[in-house]
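Record features (TrEMBL):
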- 48-296: domain 'G-protein coupled receptors family 1 profile' (DOMAIN)
- 33-58: transmembrane segment (TRANSMEM)
- 64-86: transmembrane segment (TRANSMEM)
- 98-122: transmembrane segment (TRANSMEM)
- 142-169: transmembrane segment (TRANSMEM)
- 207-233: transmembrane segment (TRANSMEM)
- 245-267: transmembrane segment (TRANSMEM)
- 279-298: transmembrane segment (TRANSMEM)
C-alpha cells in the first residue's frame, strides 16, 4: 500500500511517497522476455556508445568538430539509457515495482534534461555540416575549438535549465488516487495525468519551453539542410556531390529517428496521452540511443578505421 506524506515525514507536498512502475506488462512470462530483451539492448547501447567515445578520443584523425559533437552525443545517449533501463531491469527481475517520490523526480530531471541535450547537440551538428559544405573556406575559423566548447557549454546550460524548470514545477503537483505508472520510467505526461491538482501552469510552461528547446532547433536544422542541399546541387562533379551528401546522411538519419519517435509521443494533447504510447516511448528512450552508434559507423570509413585501430591495434594497420 502506498503511504501518504502525512504517514511519513512530510518531506514533500505531493501526497505520495512512492510510485509503482508497472512497465509494459504485468504478466510474469512476458516480463522475463522483456528483461532479457532490454538487458540485451542496454548492453548493445553501452558497448556501442563507449566504443564511439573511445575511438574518437584516441584517434587523432577524428579530432574534428563533427566527431567532437558525435562523442558528446554518444555520452548523452549512454547517460540517458543508464538513467532509465537499470531501474527497469531491477523491477522486472525482483518484481519490486516501487520507486520513491524523490527517485521518480530525479529520473524525470535527467530524462528531460538529456532529451533536450540530445536535441541541441543534433542542432549544433547540423550547423557544423552547414559550415563545412556551404562555407568550406571559413570552416577552420568558423568552427574553432573555442567555439565548439562554447556551443557545447550552451547546450548543457540550456538543458540543465530546462530540466530544472519542469522538475521544480512537478514538485508543486499533488498526486492522489492510484499511483500506478504503466511505463518503464517516470515520464512527464504520465505524471501530469496522475495529478489531482491544477496543472495548467505545468502544461503552459511545457508548451512554451518545448517550442523553444525542440521546435526552434528543428527549424534551424531544416533551414541548414535547405542551404546544404542547394550547395550540393551546385557542385558539378557527381562523385563530389555524393561525398558531400554522405557526410550528412548519418546525421539526417539520426535526426529523423529522434524526431520521428519523439513526435509519436508528444505531438498530441495531454488529455489523449495514454498507456498505448508506451511503445513509442520505448522507441525514443531505448531504440534511438542503441541505433545511433550503428548509424554513424555503418558507412563512415573514418569511423571504421578508428574502431579497427582501437579494437585490433597493429593487426588492423597491417591488414590495411
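Each residue, glycine too, has its Cβ placed from N, Cα and C.
In TrEMBL, annotation is done automatically, which means it is predicted and not curated.
On the 0 to 100 pLDDT scale, the model's mean across the domain 'G-protein coupled receptors family 1 profile' (48-296) is 86.
Residues 65, 68-69, 72, 105, 108-110, 112-114, 116-117, 120-121, 124, 127-128, 131-132, 135, 188, 201-202, 205-206, 209, 213 of the same chain sit 6 or more residues outside the transmembrane segment (142-169) yet have a Cβ under 8 Å from a Cβ within it. A Cβ distance under 8 Å defines the sequence-distant neighbours of the transmembrane segment (64-86), meaning residues of its chain 6+ beyond its ends; these are 38, 41-42, 45-46, 48-50, 52-53, 56-57, 107, 110-111, 114-115, 117-118, 121-122, 124-125, 128-129, 132, 143, 148, 152, 184-185, 247, 254, 285-286, 288-290, 292-293, 296, 302. Contact count against the transmembrane segment (98-122) (Cβ pairs under 8 Å) is highest for 207-233, out of 33-58, 207-233, 245-267.
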